[in-house]
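See structure below.
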């Protein structure tokens with residue numbers, strides 16, 4: 001059965017070489033459009049998520065603001081300031097918190113044996129690297145709990161500031177001066193993409209233990225508190241509990257949303273995922289219509305084949321061929337054309353994507369295009385669309401063929 005269908009299909013191709021070839025090219029082009037658009041859409045989505053997590057990886061940043069509601073006789077507009085003991089209070093009171101870190105900050109002067117510069121420095125706790133995706137290059141490390149407990153004078157440098165201070169690249173283990181205080185460099189950050197930032201990118205940041213920061217600069221208040229919930233699903237509960245606890249301690253209304261500011265990266269990720277899904281759907285629709293136009297070409301060639309083989313169809317029906325045999329023949333031919341064009345399109349798309357990946361794009365181009373990725377999802381969607389178009393392109397001509405009257409068809413020239 002299959003052998004006969006293939007044989008008849010090859011005969012039709014020989015009779016309609018140009019038309020069949022152009023139709024296969026159209027299917028191929030449509031397949032390339034769908035796969036490459038979805039691949040670039042997926043790559044851009046991943047790049048944007050990487051950039052977002054470069055500023056905060058599933059964290060919530062709380063900072064003191066001004067009250068907007070009166071409370072217990074206290075005036076509106078009071079400034080809320082966090083303090084060091086708030087960290088331990090939240091750690092004890094909110095079990096849904098996985099990591100919490102103080103965050104102090106100020107501008108400082110840095111000096112090595114090679115270069116002087118100014119930058120923003122932060123005093124933080126162990127675990128801050130996980131929340132901010134500040135991972136060290138090989139041979140270095142981030143601040144640990146012992147550094148914090150012993151108020152060690154150690155510093156972790158962003159990759160750009162480290163390259164500036166140490167042009168020869170031997171930063172780890174070297175000493176630098178920070179506002180006339182000697183610190184040992186314990187690590188340099190891996191290069192990363194960062195879309196969300198405060199006081200400049202992490203690449204130009206210096207980080208020390210928050211206990212050391214307090215010992216040297218004696219700040220009167222915390223800059224902010226970084227919290228990562230044990231599960232992103234706890235986001236709203238954690239925010240609510242933090243507001244309740246801080247409201248009791250600093251005496252402001254728990255419903256006063258202006259009293260405490262929140263930079264919520266978990267919510268930002270949620271919004272980013274929704275935007276990415278919308279972009280993927282749009283790109284898929286664009287590619288789908290390209291394939292749909294090619295499908296019209298397949299249907300057209302099937303109608304031509306039916307017309308040219310009207311006499312042959314009549315003979316088959318006259319000697320006992322059933323309608324289902326006639327229908328299956330034309331549906332098979334339509335699907336086979338889509339299969340050939342689809343396979344060529346997939347192979348060409350894979351080669352194109354691999355070629356783009358091998359370019360190792362950097363800078364603004366990489367930030368805009370991302371790294372195109374062919375996902376199983378895009379392959380499944382493309383295969384599904386090709387199948388539907390192939391069936392649709394074959395069913396209607398096949399039904400027309402099945403309705404051929406054997407007696408009338410034998411008189412057809």
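Using N, Cα and C of the backbone, Cβ positions are placed for all residues, glycine too.
So that you can see what the record holds, here are the features copied from TrEMBL:
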{"type": "DOMAIN", "residues": "20-244", "note": "domain 'MacB-like periplasmic core'"}
{"type": "TRANSMEM", "residues": "21-40", "note": "transmembrane segment"}
{"type": "TRANSMEM", "residues": "281-306", "note": "transmembrane segment"}
{"type": "DOMAIN", "residues": "285-402", "note": "domain 'ABC3 transporter permease C-terminal'"}
{"type": "TRANSMEM", "residues": "327-354", "note": "transmembrane segment"}
{"type": "TRANSMEM", "residues": "374-396", "note": "transmembrane segment"}
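In the predicted model, the domain 'MacB-like periplasmic core' (20-244) shows an average pLDDT of 89. Outside the transmembrane segment (281-306), and at least 6 residues removed from its termini, the chain residues within Cβ reach (under 8 Å) are 12, 16, 19-20, 22-23, 26-27, 29-31, 33-35, 37-38, 40-41, 313, 330, 333-334, 337-338, 341, 381-382, 385-386, 389-390, 392-394, 396-398, 400-401.
Only residues 6 or more beyond the boundaries of the transmembrane segment (374-396), in the same chain, are considered here, and those with a CB under 8 A from a CB of the stretch are 27, 31, 34-35, 38-39, 42, 284, 287-288, 291-292, 294-296, 298-299, 302, 327, 330-335, 337-339, 342, 346, 349-350, 353.
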